[in-house]
Structures are given as C-alpha cells and as structure tokens.
Amino acid sequence: MSGAEFWIVQALNGLQLSMLLFLLSVGLTVIFGLMHFVNLAHGALYMLGAYFGVAMVSATGQFWLALIVAPIGVMAVGMGLYQALIRHMRRQGPMNQVLVTFGLIFVLVDLVRILWGNVGLGISVPELLHGPVQLFGISYPAYRLFIILLGLAVMLALGLVLTRTAIGAMLRASVENAAMAATMGINVERLLLWVFALGCALAGLAGVIAAPVFSATPSMATDILIPTLIVVVVGGLGSLRGAVLGSLTVGFVQTFGAVLVPGLASLLIYALLAAILILRPQGLLPARQ
Amino acid sequence: MKTTVRTVTAALFAAALISQAAFAETKAGLLLPKSGNYAALGEEIDAGVVLALEEAGMADDIRLVREDSEAKPPVGLAKTRKLVLQDNVDVLIGIVSSAVLGAVRNFVDGAGVPLIVANAGNVDATGKDCSASIFRVSFSNAQLNRPMGTWMAGQGIGKVYTLAPDYAAGHQMIEAFISAFEAAGGEVIGSEFTPFGKTQDFGPWLSKVGASEADALYVFYAGGEANSFLSQYRAFGMGETVPLYGPGFITSPLQTAAQGEAAVGIRSALHYIPSLDTPENNSFIAAFTARFKRQPSEYAVQGYDAARVLIEAIRVGASGRAEIAAALPGVRYTGPRGPLQIDPATHNIIQNIYIYETVMSDEGITQKLLDTVENVRDAANGCDLR
C-alpha cells in the first residue's frame with residue numbers, strides 16, 4: 001500500500017463513519033428543530049434496528065428484506081412511543097423530556113437483553129458484499145462501500161424532497177416558524193408525526209446496516225448517543241445541511257484523529273464540541289439564523 | 001389449646017431460625033458487570049458460580065449477594081464498599097475488569113475481606129501491589145501472553161503489529177507479549193491502543209496495520225469488542241495477508257457461535273478450552289450443558305473455580321473472613337481446565353496455558369489444541385506473602 005492509497009482508504013473509513021452518523025443524526029436534528037424535543041431514546045431505536053435486522057436475517061436468511069423490514073419495524077415502535085408518551089411530553093420542558101427519554105433507553109435496553117441476551121450478535125452479509133473489492137487498484141471492504149453509497153443516496157433523496165417538493169416547503173416553513181405555518185393552513189401536528197416516524201426509520205436503517213460491522217449489542221444504544229448528539233450540536237439544530245456537515249466533520253475528526261494522534265483519539269471530538277460551543281454556539285449551519 | 005398452638009408455632013419459628021443460622025453460614029458478595037461491553041462475561045461467570053454451589057450441594061450454605069460493577073472503577077469500588085460494610089459479606093467473588101480490580105485493591109486489602117478474582121488479570125494485584133486478601137483463580141494478563149510470545153517467535157514469525165484497548169488490561173497483556181516475543185528474537189513494528197469502550201470502528205487502525213510490513217497481528221479484545229473487531233478484520237480481507245493471534249478471548253467459545261466462519265483459523269492462547277478431553281472437563285461440560293442449555297466457556301470455568309476454591313476452603317473448616325483467607329492458599333485440585341493451585345507467594349493461580357486454533361468440525365466450531373505450556377507461574381515481582 002503506497003502513501004496515497006493509505007490516505008484514500010482512511011478517507012473512505014471517515015466517509016463510512018460519517019454516513020452512519022448522518023443517518024442517525026438527521027432524524028434527531030430535525031425532531032430537535034421542528035418539535036423542540038430532546039429524544040435521547042434515538043440511540044435505543046438504532047439498537048432496535050440492529051436487533052430487528054438480526055431477527056429477520058436469522059428467520060429468513062434475507063439480508064435485503066431485513067434492510068427494508070427492520071426500519072419499518074423501528075418506525076412502528078417510534079410511532080407507538082410518540083402516541084403513548086412523547087406527544088404528551090411536548091410542552092413539558094427539556095428536563096422532563098430528557099428524564100423520560102433517558103428512562104426509555106433503560107427500558108428498551110433491558111427488553112433487548114431479555115429477548116436476545118448480552119452476547120453480541122452478528123449478521124452475515126450477502127456474498128456480493130462479502131470481503132474486500134478492488135477499486136482503482138485499492139482494496140476496500142465491499143460492505144463499507146455499500147454503507148457509503150446508501151448514505152449518499154439517502155442524503156440526496158432527503159435533499160431533493162426538502163428543496164423540490166411541496167412537503168419539503170411545508171417542512172421548512174414549519175421549522176422556520178411553526179405558528180405562522182399553521183395559520184397558513186399547514187397541518188403542523190401531522191407533519192411532525194411523519195417527520196418523527198421518518199427519523200425513527202432512519203435510525204432503524206442505521207442500526208441494521210451497522211450490525212454486520214459492529215455486531216448488535218445492548219450497549220450500542222448508549223455508545224452511539226454521544227457522537228450523534230455532538231453531530232447535532234456541531235451541525236446546528238434542525239437543518240439537513242447541518243446534519244451533513246456535522247456528520248462529515250465528526251466522522252473525519254474521529255477517523256483521522258485515530259490515525260494521526262492515536263493517544264488523543266477519544267478526546268478530539270469533545271475538543272471539537274467545546275470549540276464549536278465557544279466559537280459558534282448555534283452550530284455550523286443552523287436552520288434558523 | 002390456644003397456648004399449645006402458640007408454643008408449637010414459636011418452637012417451629014425458633015427452629016427455622018436456628019436451621020437458617022446453621023446453613024447460611026457464609027455470605028458471599030458476587031461483583032460482576034451486568035451492563036456494558038463485559039455484560040455477557042459477567043453472566044457466564046455467574047452461571048459457573050451457581051453450578052459449583054449446586055454441584056457441591058452448598059447452594060443453601062453459601063448465600064450470594066449480587067451487585068453490578070458496570071465494569072467501571074468508581075462503580076465497582078462503591079459496590080464493594082456496600083457489600084463489605086452494609087451486607088457484611090464474608091468473602092467477595094468476581095470482578096471482570098482489570099481497572100475495577102485496581103480500584104478496589106486498597107479497600108479490600110484494608111478491610112481484610114478475602115477477594116477471589118474470577119476474571120480480571122491485573123498483574124499488579126498479584127505482583128507489586130499484592131495483598132494477603134486477594135486471590136485469583138482466573139489468569140493474570142502476563143500469564144496468558146508470555147507463553148504466546150515465546151511460541152510465536154518459535155513458529156518463525158518475524159514482524160508483529162499489536163492492537164488492544166487503552167486500559168490496564170490492554171497495556172499489561174501487550175507489554176507481557178512484547179517482552180517475551182522480543183526476548184525470543186521477534187520484532188514488534190507497531191503497537192497501538194484503541195479508546196476502550198468508545199471504539200466501534202476499527203477501520204482506521206486496521207488500515208494502518210494493512211499498510212505496515214507486519215507478518216502478523218497480535219490483539220487483545222474481549223466481550224463485545226471482540227466480535228466487532230473480528231468481523232471488521234475479516235471485511236478488510238486481512239485473513240490472508242496478516243494472520244491474527246492473541247489471547248483467546250477474541251475467539252472465546254462464548255462468542256464463536258455468533259462469530260461463525262470469521263473465527264476459523266485464528267490461533268490464540270487460553271487457560272481453558274472446551275475441547276480438552278479429560279474426565280474432569282467432560283463431566284463439567286455435561287453438567288453445565290444440562291443446567292444452562294449451552295456450552296460453557298473459559299469465563300464459566302473461572303466462575304466455577306472461584307466458587308469451588310471457596311467450597312474447598314469451607315470444607316476444611318474455614319468460616320469467617322480471616323479463616324477463609326488463611327485456608328485459600330492451600331487449595332489445590334484438578335478441575336475442568338486441568339491441575340490448578342494458588343501460588344502461596346503471590347496468590348495468583350498456577351495453571352496450564354493452552355495454545356489452540358479455532359477450527360470448523362462436523363459439529364460446528366471447536367478448538368484444536370496445538371501446544372500445552374504446563375504449570376505456568378508468574379514471577380513474584382517483589383511480592384512474597386508466605
């Protein structure tokens with residue numbers, strides 16, 4: 001492996017991590033921006049996505065089916081939570097929201113532990129995505145390339161919906177000024193529910209695609225929470241572009257931190273968080289200026 | 001009539017109290033992680049403890065008080081204080097993380113409560129910081145890695161890269177490996193530590209190893225990290241170019257079912273493998289499988305032996321903290337893992353180390369024994385408890 005190849009591979013590693021973080025943070029940041037709601041249980045939904053994927057693959061052997069069914073399952077769980085709990089917590093202030101959704105993490109993690117146990121479970125990927133592939137003379141895991149492509153596709157689709165469709169315009173209007181949007185005839189409440197559902201589905205998607213790489217464990221619910229919250233803070237609340245920039249920044253800082261200054265690898269994203277909070281507390285690209 | 005009933009009831013009640021006192025003589029605090037990266041290990045050790053007590057018919061004589069250490073040093077210390085000061089236990093069993101063992105060492109030493117370590121390999125606890133109260137029946141971090149360093153150099157492996165999590169156990173394991181490997185003529189060309197419990201993506205480190213001149217990769221990963229590390233190592237296609245070695249927690253029998261093909265071909269060292277064909281091991285496996293409906297791993301054996309040494313000490317008449325601590329160094333027997341004894345000088349276990357390869361057989365994944373290093377004993381490092 002030559003010098004240039006080494007850095008390309010590391011850039012791909014950074015991109016792969018960024019895409020996972022993006023899938024998780026985009027739902028969280030839009031829910032934040034639109035509903036002013038702090039959903040710490042987002043990480044638990046990511047974990048559920050992974051376990052639903054494991055269950056699907058072990059029952060049917062179909063990875064592609066799991067890729068579709070697991071996010072839908074997580075979306076159903078998310079909507080159930082919304083109707084039963086979160087809807088009533090909307091106007092209760094951040095402290096109550098944090099406590100309730102933090103409690104939800106423990107409930108969901110223990111349920112998973114009872115159902116699937118503590119030992120990490122893997123998903124075997126289709127033959128097509130197995131092992132490394134040669135790309136312009138560089139060897140790189142096929143599955144990681146798949147994560148990058150899937151993340152880019154989701155990014156592009158969300159971007160198009162947000163900027164080119166009527167629903168996207170309604171959503172942007174609601175984030176900008178919910179009261180005004182409502183007087184203009186937009187059903188903000190129903191929009192919120194669907195945005196929440198989509199956010200949950202994306203968290204579930206992130207979970208099922210992460211399972212073959214990181215294996216599904218109960219601790220993934222809390223492990224991913226801090227990096228995701230950092231992405232949201234760095235990118236700025238409520239905006240798609242913020243989530244994109246935030247996840248790329250965090251993904252690359254983590255990857256290249258590990259390569260260049262291994263001793264400080266775990267510290268760097270916190271330093272980044274502190275720097276952003278001091279220099280630009282609203283985040284790099286917030287929805288509202 | 002009324003009085004008779006009352007008297008009889010009172011007598012029965014008193015009798016019940018007495019029998020309670022006669023049988024529940026020993027109170028043991030079981031401190032294991034029930035959450036986080038090492039939760040599965042804690043569960044497995046717990047199962048081993050339960051099996052040993054039931055097998056000896058002493059499940060009623062030794063009462064267990066369970067606490068969750070979360071594998072975090074401050075939590076582990078707080079729970080140890082609670083077990084000793086509030087529950088007044090006679091003996092402590094458990095501890096998975098070397099970092100937790102380091103944190104509770106001074107308190108346990110000062111309180112004089114015997115602690116039977118069922119996993120944590122922290123070398124200092126039976127070396128320079130050894131204590132009359134601390135006994136270990138699992139392994140020490142050096143004990144597993146030293147023989148592996150010598151063995152790998154003997155196999156003609158020249159240049160090695162090492163990776164491990166950045167905490168006490170990772171550093172001690174890799175340090176022991178490097179000193180033995182280099183003493184036998186090998187060369188370590190790179191050595192890095194990944195943030196413990198925070199690393200999900202090993203890609204950056206694996207790419208660095210792939211770009212180096214290494215002939216082999218030597219790693220210590222256990223629990224949840226072992227699975228994700230192994231699957232990512234395979235995804236990068238490094239199996240053919242940079243073969244993987246290490247202490248056998250990476251392919252622990254606890255995890256090979258979930259790992260599948262990814263585990264096959266890895267060569268590593270452990271103090272117990274399920275495929276040992278001895279009468280003691282065969283009957284242990286039969287009993288464990290019947291009780292828990294799954295195959296045991298080295299962690300289950302550690303839990304089993306931690307309870308078994310306590311049982312042996314109680315059988316020779318020890319009761320209470322001081323007597324149990326005095327009786328433990330004399331315990332020796334042949335268990336599932338082979339002959340074992342507690343070194344009177346350091347209170348660390350003396351045992352065989354098995355170098356094995358994880359292979360696929362007709363009945364699924366199993367371990368092929370490559371070499372046995374008998375009665376491995378750690379250097380005292382200035383410790384003398386005799």
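Here, residue 1 is simply the first one shown, and the rest follow in order.
Quick reminder: no glycine exception, Cβ is built from N, Cα and C everywhere.
Feature annotations, courtesy of TrEMBL:
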TRANSMEM  A:6-30  transmembrane segment
TRANSMEM  A:37-57  transmembrane segment
TRANSMEM  A:63-86  transmembrane segment
TRANSMEM  A:98-123  transmembrane segment
TRANSMEM  A:143-162  transmembrane segment
TRANSMEM  A:191-212  transmembrane segment
TRANSMEM  A:224-244  transmembrane segment
TRANSMEM  A:256-279  transmembrane segment
Please indicate, using numbers and ranges, the residues of the same chain that are 6 or more beyond the transmembrane segment (A:224-244) and have a C-beta under 8 Å from a C-beta there.
21-22, 24-26, 28-30, 32-34, 40, 42-43, 46, 105, 155, 158-159, 162, 175, 250, 254, 269-270, 272-273, 276-277, 282-288
Selected stretch (most C-beta pairs under 8 A with the transmembrane segment (A:191-212)) from A:6-30, A:37-57, A:98-123, A:143-162:
A:37-57
Between A:37-57, A:98-123, A:143-162, who has the most Cβ pairs under 8 Å to the transmembrane segment (A:6-30)?
A:143-162
Is the transmembrane segment (A:98-123) packed against any residues at least 6 beyond its ends, judged by a Cβ distance under 8 Å, and which are they?
38-41, 43-45, 47-48, 51, 53-54, 57, 63, 66, 81, 85-86, 89, 208, 211-212, 215-219, 221-222, 225
